[in-house]
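Residues or ranges marked as (6R)-10-formyltetrahydrofolate binding site by TrEMBL: Q92, F93, I94, D146. The active site, proton donor annotation in TrEMBL covers H110, C716. TrEMBL lists D146 with the feature site 'Essential for catalytic activity'. Look at TrEMBL and you will find 329-403 tagged as domain 'Carrier'. Feature annotation from TrEMBL assigns NADP(+) binding site to 606-609, 639-644, 659-660, K766, 814-816. Per TrEMBL, the feature active site maps to E682.
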Amino acid sequence: MKNPLRIAIIGQSNFAADVLELLLEKKYNVVGVFTIPNKGSREDILAATAARYNIPVFKFSTWRRKGVAIPEVLEQYKSVQATLNVLPYCSQFIPMEVIDGASLGSICYHPSILPRHRGASAISWTLIEGDEVAGFSIFWADDGLDTGPILLQKQVAVEATDTLDSLYKRFLYPEGVKSMAEAVDMVALGKAPKITQTEVGATYDAAMFKEENQYLNLNQSAEVIWNFIRGLDSVPGALVTVVDKEQNVEENIRLFGAHLYDDKPIGETRELCLKGLKHPAFVHEKGLLIQGTDGKFVNVRRLKRGSKMINACEWFSMARGVQITQFSADELSKKEMLSNIWFSILKCPIEADTDFFAAGAGSMDVVRLVEECKEAFDVPLENENVYMAPVFEEFFVEIVKTLREGSSSEGSKVHFDGFVLKANKKEIPIPTQLFINGQFVDAEQRRVLDNINPTNEELLCRVACASRSDVDKAATAAHNAFYGAWRQVSARQRGQLILKLADLMEQHKEELATIESVDSGAVYTLALKTHIGMSIDAWRYFAGWCDKIQGNTIPVNPARPNNVLTFTKKEPLGVVGLITPWNYPLMMLSWKMAACIAAGNTCLIKPAQTCPLTALKFAELTVKAGFPPGVINIVTGKGSEAGQAILEHPLIRKLGFTGSTEIGKTVMRACAESNLKKCSLELGGKSPLVIFADCDFEKAVKYGMSSVFFNKGENCIAAGRLFVEDRIHDEFVRRVVKDLRSMVIGDPLQRSTAHGPQNHRAHFEKLIEFCERGVQDGATLVYGGKPVPNTKGYFFQPTVFTNVEDHMFIAQEESFGPIMLITKFHGSDIESVMRRANRSEYGLASGVFTKDIAKALAFADNIEAGTVFVNVYNKTDVAAPFGGFKQSGFGKDLGQEALNEYLKTKCVTIEY
C-alpha cells in the first residue's frame with residue numbers, strides 16, 4: 001500500500017542522513033530536506049545524501065530574523081507540502097510556523113529520557129550526573145525546550161567504561177536511527193501516542209559547548225570528578241588549569257581517558273599543581289592521578305595540551321617544539337586541500353581542533369590519509385605521523401615542517417632486465433628475470449609468460465618462465481649456500497641481516513604496495529597496510545627468534561658407574577622449496593620464508609604465475625640487504641613445470657605450500673615419492689561464521705562483511721558460510737546489502753576504492769559459474785552475482801546469497817571470492833548449527849559472535865578448525881600460529897610454532 005505521508009526532514013549530520021536512508025528504504029515519501037548551508041566548499045552529509053536520491057534540498061543559515069520567521073524561508077518550506085516534520089538532529093531554532101506547519105506535526109529526537117536532561121548537552125549530563133540509565137526520547141515538538149509529548153522512549157544501562165563517545169556509538173546513535181523510523185511507522189499507522197511530559201524530576205542543563213561550562217570543579221569526590229571527565233570525552237574534553245608556581249604561568253589542558261583508581265601510584269611520581277585542587281596531582285607511569293575530596297583517586301590517561309594529544313605520563317618528558325605560526329599563501333592553499341582530504345575521510349566538518357580518531361577514524365583511514373597526503377603534497381609520511389599529531393592544525397603544521405625541510409633518498413644499484421612501472425605517481429624499475437645465486441638471469445631459452453593487469457586486462461609485462469633445468473640451478477645454488485657461506489653466518493648475524501631486509505622493505509613499502517596493487521588487483525591502501533605491512537612485521541618478528549632457537553638437556557638413567565649427558569639440538573633442514581598463492585603474493589612469501597631463513601635454511605620459491613612481481617622486487621632488496629648468493633632464489637613460471645620440479649628435486653628437504661586442497665594432495669604425493677620431503681600444507685577452507693542474536697549487532701555486521709569481502713574475498717580464511725540466527729537474519733541481510741551498495745569498486749590504486757578486480761580471468765570466470773550454480777540449486781541471490789557492468793577488468797560484484805542449504809554445491813565448495821552465503825538457523829538449536837558448521841572436510845578457520853561467554857567457549861571447544869575467532873574476524877598476527885585441520889592441511893605458519901616446520905631435532909647422548 002502506498003504510504004500517504006509527505007515527510008520533511010529538518011536537521012544535519014550523519015545521524016540525520018542515516019534516518020533519511022532508512023525512511024527511503026521503507027518506501028516513505030520524503031518531499032524535502034532542510035539543512036544548514038555549506039561550510040566553504042563542504043556540504044553537510046544530509047544534503048549530499050538527499051541529492052543522491054534527487055530529493056529537494058533547502059539550505060538556510062537561519063529560519064528567523066529578530067524572532068520572526070523569514071517569509072521567503074517559510075514559503076520554501078510550505079512549497080513541499082509536508083504532512084510530517086522529522087527532526088533527527090537539528091542545531092537551528094525552528095519557528096512554530098514550521099513546527100505546526102505539517103498537519104501531523106513534528107517529531108524530534110532527544111538523547112535523554114525526558115523530562116530529565118532537557119537542553120543541548122543531554123548525553124554529557126547523563127554521565128556527569130552519574131545516571132545509571134541512559135536513553136533517548138522521540139517527542140512531539142511544541143513551543144517549549146524539549147517539553148513536548150512523548151511518542152516513544154528507549155533506555156540502556158550506563159556501563160562503568162562508558163564515555164560520551166561510547167554511549168553515543170553503541171546505543172544512542174544506532175538505536176536512535178532505527179527508532180526514528182519506528183516512530184514514523186507509528187505515525188503512519190495512526191498509533192503514535194502523545195504522552196504528556198511530567199515536570200517531576202525535570203532538569204534543564206547547561207550547554208557544554210560553552211567553554212565556561214567545561215571547567216572541572218576539583219573540589220568534589222573522585223566519582224564526581226570522573227563522571228565529569230567522561231561526560232566530555234572525547235569532545236570537547238574537561239578543562240583544568242595547570243599552575244607553574246616557579247614560572248608564575250597558568251596553562252589550560254583537557255582531560256581524557258579517566259577511570260577510578262584503587263591501586264598505588266606506579267613507578268616514579270612527580271607533582272603537578274592543578275588550580276582549585278587542595279592536594280597536588282601526581283604524574284606516574286599510568287597517567288595523572290587526581291585526588292578527590294573523599295581521599296579516593298581518579299587516573300587520567302591522556303591530556304590535550306594546546307592542539308596536541310599526549311599521554312598524561314609524558315607531561316614532564318614532552319619537549320615543547322618550536323611552533324610554526326606564520327604560513328605562506330601556498331601553504332595556506334595546501335591547508336584547504338588538507339582539510340578537503342580530512343573531510344572526504346571523516347565526513348564531518350573540519351575545524352582546527354578536529355581530532356582524527358575522535359571523529360571516528362580507524363587504522364585503514366590512517367593509511368588512506370597518509371597516502372592521499374603523500375600524493376597531494378609529495379611528502380614522506382608514515383602512519384606514526386598521524387598517531388603523533390591526530391589534531392588537524394597540528395597535523396597541518398607537521399606537513400608544513402616536512403615541506404620546508406625537504407627530503408632526499410638514494411640507493412645502490414642491482415643489475416637486471418625488466419621494465420619501469422609508471423603508476424601511483426612513481427616510476428618503479430621491476431626485474432622480470434629469474435633470481436638465482438644472487439643474480440637476475442634469463443630463463444632457459446629466454447622463455448617468458450605474459451603478465452596481465454587485472455584492472456584493465458592489458459599486458460603489463462613478460463616474466464621469465466623457469467624450466468626444470470632452471471629449478472635445478474636454483475636448488476643447487478641453495479644447496480651450496482647452505483653448506484658454504486650461509487653456515488658461516490652466526491644466528492645473531494642472521495637476525496641482523498633479516499632486520500636490515502625488513503628496514504629496506506619499509507623504505508620501499510610504497511613501491512611494493514604499488515606493484516602488488518597493479519599486479520594482483522589488491523586495493524592499494526590494503527596492500528600497504530596488510531600485504532606489505534604484515535610482510536615487514538613477519539620478517540622483524542622472526543629476526544628476533546634467530547638467536548633463541550635452542551634445545552634442551554634431558555635427565556636420563558645412566559649405566560652405573562658411568563654418567564650420561566643427553567641434550568637436543570634444533571637444526572635447519574637444508575634447502576627448502578616454497579610454493580605460494582596469488583591472493584597475498586608478498587605476504588605469503590614472507591610468512592613462510594621469514595621462518596625458513598630465521599631457522600637457518602636456504603630456499604627457492606615459486607611465486608604465483610599470475611602475480612610474481614613483488615617477489616622479484618623483493619629479490620632485489622635481498623641483494624641490498626647483503627644476503628649471500630644462493631640463500632634466497634626465486635623461480636617464476638608454471639606450476640605444472642617449475643612447481644613440479646621443486647616437488648621432485650632430491651636436494652630439497654622440505655616443501656611449504658599454500659594453495660588448493662586438490663593441488664595439496666598432489667604436492668604431498670610428490671613429496672613422498674621423491675625423497676620423503678617434510679611438508680606443511682595450508683590448503684582450502686570453507687570457514688563457518690556463526691552469528692547469534694545476542695551478539696553486538698553492529699560489530700557482527702562489520703566483521704561479517706570483512707569476513708567475506710576482505711581482499712575481494714581472495715582470502716584463505718574467508719567465512720565461506722554464515723549461519724545467522726533467525727531473529728536477526730533479515731536485519732543482518734538488509735544492513736549488509738545497504739553497505740554493499742555504497743562500497744566503492746574500481747581502480748585499486750585510488751585511495752577511496754574498497755574493492756578491486758579479481759586476480760585473473762580463470763578465477764573471475766569461476767566466480768560467475770559458482771553464482772550460476774547457486775541460483776540453479778535454489779539459493780536466493782539477494783545482491784550481485786555477476787561482473788560489474790560496463791567495466792573493463794576482472795571486476796566482480798560483491799554477492800549475497802540467502803536460503804543456502806547444506807546439500808547445495810555452493811554450501812560445500814570454496815568460492816575464494818566476494819560471495820557471502822547466509823543460512824538462517826533457530827536460536828534454540830545450537831547443537832545442530834555446530835554439527836552443520838563442522839560438516840565439512842575443511843577446517844582452516846571459524847568464527848562466532850555472541851555475548852554469551854559460555855556459548856563462545858563451547859563453540860571454540862567443539863569447532864574443528866585451526867583458528868577460532870570470537871567476536872572478531874580476520875584478526876591474525878605474526879606471533880600467533882596459523883594453520884588448518886582436516887583437508888585444510890597441516891603445519892603452521894607464523895608464531896614460534898612455525899619455526900618447528902623448518903627445524904629438525906637432533907638428540908645427543910654422551911657417556912662419561
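Cβ atoms are placed via backbone N, Cα and C, with glycine included.
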CA pair Q92 ((6R)-10-formyltetrahydrofolate binding site) / S815 (NADP(+) binding site), Å rounded to integer, equals 51
Counting every protein chain shown, other Cβ atoms within 10 Å of the Cβ of G639 (NADP(+) binding site) number 17
F93 ((6R)-10-formyltetrahydrofolate binding site) to E641 (NADP(+) binding site): how many Å between their Cα atoms?
75
I94 ((6R)-10-formyltetrahydrofolate binding site) and G639 (NADP(+) binding site), compared by Cα position, are separated in whole Å by 70
If I take the Cα of K766 (NADP(+) binding site) as reference, which of the recorded positions H110, D146, E682, C716 has the closest Cα?
C716
Which ones are near D146 ((6R)-10-formyltetrahydrofolate binding site): of the recorded positions H110, K606, A608, which have a Cα within 10 Å?
H110
Take the C-alpha atoms of H110 (active site, proton donor) and the residue listed as 'active site' and report the distance between them in angstrom, rounded.
53
Among the recorded positions listed here (D146, E641, E682), identify the one with the smallest other-Cβ count within 10 Å.
E641
State the count of C-beta atoms found within 10 angstroms of the C-beta of F93 ((6R)-10-formyltetrahydrofolate binding site), not counting that atom itself.
9
Extent of the (6R)-10-formyltetrahydrofolate binding site in Å [max Cα distance among Q92, F93, I94, D146]
14
Which same-chain residues, if any, lie at least 6 apart from G643 (NADP(+) binding site) yet have Cβ under 8 Å of it:
I579, K606, G637
List the Cα distance (Å, whole number) between A608 (NADP(+) binding site) and the residue listed as 'active site'.
15
Please count the residues of the domain 'Carrier' (329-403) that DSSP assigns to helix (H, G, I), strand (E, B) and coil.
51 helix, 2 strand, 22 coil
